[in-house]
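S.K.: This is the structure, below, for whatever I ask next.
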Amino acid sequence: MRVRKRKGAEEHLANHPQYVILEPEAAKGKWHQIFGNDNPIHIEVGSGKGAFITGMAQQNPDINYIGIDIQLSVLSYALDKVLASGVENVKLLRVDGSALTNYFEDGEVDMMYLNFSDPWPKSRHEKRRLTYKTFLDTYKQILPKNGEIHLKTDNRGFFEYSLTSFSQYGMILNKVWLDLHASDYEGNVMTEYERKFSEKGQAIYRVEAQFKD
């Protein structure tokens, strides 16, 4: 999600260290200590303006959520949502999703979400796609054995690519939705993009993929 540069975004984030992790490398291996409990840790890579991560935190107060986005202004808007919601089980992290092993120990994350990731449709950009095999190597390392990735997208090409990538990696596709909003799936929390696309009648694709031992 690309947004205009927001004036004061960096200061806004710095003023809320209870939600924004300002020294992410120092958090590695200490996430339960940071949250102050032993609840499961779920991360969203590419959290955008925070609608999903905040909504999930409200629905599931016994789960710790970490929203990850590299864009300063975007993360500052996510912070607005966290503050307005009053949830206490969310942290925000401004880092690149390709370097997650710098911020999480092996198996420290219980679940991860990829929502409306940039599809990078050109073949020469394949390695930038968040479901490319080198990213899967990273995810597998920080997730537990049999850890899961839940993915949503409006882009059919990226969805099909991701299904193939997961399968070729040896992952199990537990559940697949070709039109999420027309299904009987309950508990869906929409992202900003998802709401926009669904209002136009566009199909939303979803998959729950699981690593094997």
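Numbers here mean position along the shown chain, with the first residue as 1.
Each Cβ is built from the backbone N, Cα and C atoms, and glycine gets one as well.
Summarising the annotation, Swiss-Prot assigns active site to D118 and lists similarity to another entry as the type of evidence. The S-adenosyl-L-methionine binding site annotation in Swiss-Prot covers E44, D69, D96, D118. Swiss-Prot lists K122, D154, T191, E192, Y193, E194 with the feature substrate binding site, giving sequence analysis as the kind of evidence. Residues annotated as region 'Interaction with RNA' in Swiss-Prot, with sequence analysis given as evidence: 124-129.
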S.K.: For the substrate binding site, please report the maximum Cα-Cα distance among K122, D154, T191, E192, Y193, E194 in Å.
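M.R.: Those residues reach a largest Cα separation of 25 Å.
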S.K.: How many Å separate the Cα atoms of the residue listed as 'active site' and E192 (substrate binding site)?
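M.R.: Cα to Cα, the residue listed as 'active site' and E192 (substrate binding site) are separated by 14 Å.
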S.K.: Average the pLDDT scores across the region 'Interaction with RNA' (124-129) and report the rounded value.
M.R.: 97
S.K.: Which value in Å gives the longest Cα to Cα span across the S-adenosyl-L-methionine site residues E44, D69, D96, D118 as recorded?
M.R.: 14
S.K.: What does the DSSP secondary structure composition of the region 'Interaction with RNA' (124-129) look like, as residue counts for helix, strand and coil?
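M.R.: Output for the region 'Interaction with RNA' (124-129) reads 5 helix, 0 strand, 1 coil.
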S.K.: Do you know which of the binding-site residues D69, D96, D154, E194 has the most other C-beta atoms within 10 angstroms of its C-beta?
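M.R.: The residue with the most neighbouring Cβ atoms within 10 Å is D69.
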S.K.: Have a look at the binding-site residues E44, D69, D96 and say which one has the shortest Cα distance to D154 (substrate binding site).
M.R.: E44
S.K.: Setting E44, D69, D96, D118 aside, what same-chain residues sit with their Cβ within 8 Å of the center of the Cβ atoms that define the S-adenosyl-L-methionine site, listed in sequence order?
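M.R.: Not counting the recorded site residues, we get V45, G46, S47, G48, I68, I70, Q71, G97, S117, L130.
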S.K.: Can you tell me how far the Cα of E194 (substrate binding site) sits from the Cα of E44 (S-adenosyl-L-methionine binding site), in Å?
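M.R.: Pair distance, Cα basis, whole Å: 15 Å.
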S.K.: Within 10 Å of the Cβ of Y193 (substrate binding site), how many other Cβ atoms are there?
M.R.: 19
